[in-house]
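Grabbed the feature section from TrEMBL, which reads as follows:
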ACT_SITE  H76  active site
DOMAIN    4-126  domain 'Glycoside hydrolase family 9'
Amino acid sequence: MDDSNMQYVTSTSFLLVTYAKYLTTSQKVVNCGGSIVTPRKLRTLAKQQVDYLLGDNPLKMSYMVGYGPRYPQRIHHRGSSLPSIASHPSKIQCTAGFTVMKSQSPNPNILIGAVVGGPDGKDRFQINGQITSNMNQQLI
């Protein structure tokens, strides 16, 4: 899934940290193909994954909205892409939302903390990032 791979990054990072905590508590390590994997190695790998998500990547862009100097500006989210009632007090009809959705302007409401789907397999990013709970929940 090239368009929503951050769900795997966040899930794997969560599991690595959880397992590292278990290994620390039980004072154990893992022998994996002749290599010793310590809790510290697991935490380091999890941190590298989260650092990538937060901007330590080829695009130097955070995939978490509102984090760092460069992050996705056009995300696929109704509450973020439609104008607020303060700036647009009249009702927005169902079909009128498509005009906003197709706009290339930054979303008027920044959905701070949302994690977008991420880049494709070649570290390219689509301007309209999808956000879902399965990409965000592990970071909470």
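Note that Cβ sites are derived from N, Cα and C of the backbone, with glycine treated the same way.
What's the neighbourhood like for these features in this structure?
In the three-state DSSP reading, H76 (active site) counts as strand.
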For H76 (active site), list the number of other Cβ atoms lying within 10 Å of its Cβ atom.
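Result for H76 (active site): 18 other Cβ atoms within 10 Å.
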